[in-house]
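*Asks:* Sharing the feature lines straight out of TrEMBL:
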type	residues	note
COMPBIAS	1-10	compositional bias 'Basic and acidic residues'
REGION	1-21	region 'Disordered'
COMPBIAS	11-21	compositional bias 'Polar residues'
DOMAIN	73-168	domain 'Pirin N-terminal'
BINDING	H106, H108, H150, E152	Fe cation binding site
Amino acid sequence: KHFKDSRHASEAQTNITNRNKESSLPQKQLLVFAVLILQYTTMAAANLTNLRSIARVVKGQKMKEGAGVMICRTVGTGALRNMDPYLMLDELKLPAKAAFAGFPDHPHRGFETCSIMLEGQMEHRDSQGNHGIIGPGGVQWMTAGRGIIHSEMPRGTDGMLWGFQLWINLPRKDKMCKPRYQDYQKSDIPVVGAPDSGCSVRVMAGRHGGVEGPIRMRNPGLLMDVRLGPGGSFVQEVPQGWNGFAYVYDGEGLICGSRAQPEHALVLGPGDHVVASAPAAAAAAAAGAGGNSSSSTGGSGLRFLLIAGQPIGEPIVQHGPFVMNTEQEIYEAFRDYQTGRLQNPSDNPWQAEEL
């Protein structure tokens with residue numbers, strides 16, 4: 001009897017082992033399906049029924065900023081002057097040694113900036129000696145408020161310098177608030193999903209998959225770095241009434257049914273959510289063989305920034321680095337800058353102000 005029981009136990013263990021082997025084969029596919037189910041369950045739970053269309057596609061324009069550093073601008077050009085609350089988006093992508101002159105001392109008033117680094121390091125330093133360094137994967141959210149004078153300079157000349165700077169308007173009530181820095185390194189930014197799942201999302205601000213980003217905004221919005229592998233897909237709620245866009249920085253695919261390619265901003269139309277997908281590896285390879293792919297990833301996925309926020313709906317009067325509501329306020333900003341009163345020495349930009 002003991003032998004018979006042992007034989008049955010052995011057979012049972014063998015069956016379990018075989019089933020485990022069989023079930024391990026499609027683990028990657030199961031993970032992808034699980035992510036998709038989670039995304040669509042979340043979408044259904046939020047009662048998202050109105051897919052946003054792409055209202056327009058804006059190709060980036062190359063130009064020089066700072067001390068002659070080449071950038072690619074989409075928002076903030078003649079093709080897309082402003083998109084309330086967003087004023088500008090630049091992509092910086094070049095060898096670090098070609099950007100060594102950086103962006104020397106310059107003023108800001110009346111808005112916020114967000115610097116996002118993918119590769120390389122950038123150091124920011126203001127007129128009161130406050131400074132910080134953003135490394136690969138890091139983000140700095142700077143509320144200029146009533147005034148900041150600072151520089152942004154590359155650290156080192158080796159490798160690539162690749163990142164973005166976004167300008168975000170402030171409502172009238174906050175334009176003269178105390179300046180604030182929020183510096184976050186790569187390890188501070190939560191990631192939802194994983195490369196093996198076909199979709200990973202770095203949540204810098206807003207919520208995705210139940211995870212909230214660390215950036216604290218004065219005006220409601222979201223900011224995400226979405227990375228899709230071959231065959232990957234993505235769904236995200238973008239509240240009705242918000243303005244937004246996706247900026248593609250690598251790869252190719254579809255965003256809300258429209259073709260997505262690098263150095264293009266896809267402006268979102270009305271609706272309550274967005275979707276994106278990257279072609280499967282076989283389809284991407286076929287497209288590349290046909291000479292239709294300009295992606296630096298060689299058709300291995302899609303990477304883009306998703307940026308959206310609640311419009312402010314106030315007059316915008318902008319003169320270079322000053323963004324106010326009236327011409328008189330612009331004159332006052334210039335006067336304060338010329339007389340050395342733009343940045344208040346008593347302001348501590350590392351200390352949060354009660355909102």
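Just so you know, glycine gets a Cβ as well, placed from its N, Cα and C.
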*Asks:* Work through the binding-site residues one by one (H106, H108, H150) and point out the residue whose CB has the fewest other CB atoms within 10 angstroms.
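*Replies:* Candidates: the binding-site residues H106, H108, H150. Fewest Cβ atoms within 10 Å: H106.
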*Asks:* Centre the Cβ atoms of H106, H108, H150, E152, go out 8 Å, and tell me which other residues of that chain have a Cβ in range of the Fe cation site.
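*Replies:* Along the chain, the qualifying residues are F103, D105, P107, T113, H124, D126, I148, I149, S151, P321.
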*Asks:* Counting by DSSP, what is the helix, strand and coil composition of the domain 'Pirin N-terminal' (73-168)?
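*Replies:* Its residues fall into 4 helix, 60 strand, 32 coil.
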*Asks:* Restricting to the chain of E152 (Fe cation binding site) and a gap of 6 or more, list residues whose Cβ falls under 8 Å of its Cβ, or answer none.
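*Replies:* Correct list: G66, G102, F103, S115, M122, E123, H124.
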*Asks:* Average the per-residue pLDDT over the domain 'Pirin N-terminal' (73-168) and send me the rounded value.
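*Replies:* PLDDT averaged over the stretch: 95.
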